[in-house]
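The structure appears below as structure tokens.
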Amino acid sequence: MGQCYGKVNQSKQNGEEEANTTTYVVSGDGNQIQPLTPVNYGRAKNTPARSSNPSPWPSPFPHGSASPLPSGVSPSPARTSTPRRFFRRPFPPPSPAKHIKASLIKRLGVKPKEGPIPEERGTEPEQSLDKSFGYGKNFGAKYELGKEVGRGHFGHTCSGRGKKGDIKDHPIAVKIISKAKMTTAIAIEDVRREVKLLKSLSGHKYLIKYYDACEDANNVYIVMELCDGGELLDRILARGGKYPEDDAKAIVVQILTVVSFCHLQGVVHRDLKPENFLFTSSREDSDLKLIDFGLSDFIRPDERLNDIVGSAYYVAPEVLHRSYSLEADIWSIGVITYILLCGSRPFWARTESGIFRTVLRTEPNYDDVPWPSCSSEGKDFVKRLLNKDYRKRMSAVQALTHPWLRDDSRVIPLDILIYKLVKAYLHATPLRRAALKALAKALTENELVYLRAQFMLLGPNKDGSVSLENFKTALMQNATDAMRESRVPEILHTMESLAYRKMYFEEFCAAAISIHQLEAVDAWEEIATAGFQHFETEGNRVITIEELARELNVGASAYGHLRDWVRSSDGKLSYLGFTKFLHGVTLRAAHARPR
């Protein structure tokens, strides 16, 4: 909503018929569905808005425009309507309409109406809606519109040029959103949010630059930077479907850098895919720009979203389960990286419901060519991003410090994950904090690289410690209006105990490690064993309650508080019990029968 969607022209070119796709966005309560018009992505190289459509399966080569491929490179047209797994062959994939309609019929017991269905909170009569956005009303005096480069259900996109001010005679792209199409309060709010996101995030090196927003009685105009280097999708196809490993690294680093910035600001993109990254120029070394925030949203650090939105080949399992957060973007980056390295989609099926089923149930293939020739670090990197357990995925910043991408000269950004983990550590039991400290002593260099970088970003005091003020200062130095809108700074209120104490690097390592993430690394068994042996001093492969008390420096009077963590039969804690205990699960709770 509040986005531009291109319309497919029913015509043929070079004997190949154009494919129609219809996008559906299901809202969080599960009983509203909005079909959008068929999509045609105009292949003009100068619009950042053509991927504003959240269509799960855009056709890589729409009709009506010249091929974006370099001279001498021919596209590989699909010969049938059956979707293919290999990314180097464009194809017209299916619409998710049938799958989502069937789900609604099952849920509601009735067939949903055809056409747009107003969302529950936006059922007001159109005449009662306030469509005044407060934007400038002098668009014609400031900008000159050029040719149309894309059209869709809510509006269209044009190239243009500035007529005055800092961007006089500067090429621009203008997204024009029709107010007549804003028939619900939700649609109006979506436009406000998209403009707010673009305005507050603009300025990052790898994010589309926002210039202005205007309106008149009929339309809203969003003025943005014009990128004429084409999409990442076009470059992939021009290279035969995949990138050499070193070239893929350069692309992935740019993607992770801009996504980590968005996540720190409390913004989840929700539609990361090759079509939503534009190159600034046709040069091979030109920068990437992230575009299309039409499906993006603000999110608090501990919030979970439940709207099913995005593109099917890139959607994370937890999105289909209607409970997701920033980790959903990481999954999408994993899919993009998989495609860059091998030229095929990790999750593929002939039908839309089959695509969702493979995302939920199957694992990507790492055995076929070219995976055997890929580096072990590259393969591990993709596996860490495409872990179906979102808790075990790396964050965007952690991915930048992975051995596959590590570069000591690269500046590592601040990670919001650090704040979440330290908050959990401060609220943990003394026994669990002691166990985390034991684990921290066994961390490998791969984990310590990330932790050192984050600790230094907090600006340690002269004595090498950090406190709540350090966490606050570091966060505010990176704050934008988006961060305030997403209420990210509120997490500092849950870390108040740090205002009265200091945290040195050794304890910071214990506080800033995730047990779930450690379980996904190859060295997990060695790390966990080292932590277990820190408590188990008698060499009998179990931890006694006396050993726990000695580690915590408590007397026999405190034994009663420790019995939840040991076996009731013999008062001991095994290695298996220790690993459960690291997750905060007591043995008594683990063995309790549900009533």
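Glycine is treated like the rest: Cβ placed from N, Cα and C.
Per Swiss-Prot, the residue annotated phosphoserine among SER200, SER353, SER409 is SER353. Looking up the ranges 176-196, 428-448, 575-595 in Swiss-Prot, the one annotated as region 'Calmodulin binding (CaMBD)' turns out to be 428-448. Outside the region 'Autoinhibitory domain' (409-439) by six or more residues, the chain places 253, 257, 260-261, 263-264, 266, 301-302, 326, 395-398, 400-401, 450, 453-454, 457, 471, 474-475, 478, 488, 491-492, 494-495, 497-498, 503, 506-508, 510-515, 518, 527-528, 530-531, 534-535, 548, 551-552, 562, 565, 578, 581-582, 584 with a CB less than 8 A from a CB of the stretch. Taking THR157, ASP463, GLU507 as the binding-site residues under consideration, the smallest Cα distance to SER311 (phosphoserine) is found for THR157. In terms of Cα spacing, the recorded positions GLY155, THR157, SER465, SER574 that come within 10 Å of LYS502 (Ca(2+) 2 binding site) are SER465.
Put simply, ASP271 is the one of the recorded positions ASP271, GLU507, GLU547 whose Cα lies nearest to the Cα of GLY155 (ATP binding site).
In the predicted model, the domain 'EF-hand 3' (519-558) shows an average pLDDT of 74.
Taking only the Cα positions, the spacing between SER574 (phosphoserine) and THR157 (ATP binding site) is 63 angstrom.
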